[in-house]
């Protein structure tokens, strides 16, 4: 366990953005270990969680800023974004509006954080009630962002957004975790068939993208 700041080789501010209810807080609090600390900053209306990841470059700390519901009040204060080194933008695949609002969140974020690594994450892919299909998720391709399906409640692909961000921030594409992230027991088990179906849909979407056949966000089928 890392107990002190001297053991940490790098420290980064990571902000979570997206509509309320998409699962941002659940996503962060899946990390269950003594190295996870959470504190509330009243002046900003946010929770800041400290997550230490053990990598091939040493221990790296993320200070993860979560909105604490402030996004429901009509936007976030600039102080939320200032000094951010990276961001995870999250939507809920069972709610179309949360995906349609992603361009607004991206605009707010990049107005202050122009060139930080950003991962777009579609949460709740464990649900059979998905309203946002892989071929409809096109925003990341237009903005050259990384995208991952995740399920906070089943821990599906939990590590991938963090590992991608770490590689970007350190400039080391070969960086890896030397210890898995300690996670809470799953609330929902995803079947192998569900996972295979997700992969098949994303392979199909990638092929369509290469052929220039993916719909725009404004496409009628998405509204």
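All residue numbers here begin at 1 and follow the chain in the order shown.
Glycine too: its Cβ is placed from the backbone N, Cα and C atoms.
Looking at the stretches 11-19, 20-28, 29-37, 38-46, the one that Swiss-Prot records under the feature region 'Switch-I' is 38-46. As stated in Swiss-Prot, the feature region 'Switch-II' covers range 69-85 out of the listed 69-85, 86-102.
For residue 124 (GTP binding site), the Cβ neighbour count at a 10 Å cut-off comes to 25, with all displayed protein chains included. Of all the Cβ atoms in the protein chains shown, 19 others lie within 10 Å of the Cβ of residue 25 (GTP binding site). Comparing the binding-site residues 21, 23 on other C-beta atoms within 10 angstroms of each C-beta gives the minimum for 21.
In this structure, residue 19 (GTP binding site) belongs to neither helix nor strand by DSSP; it is coil.
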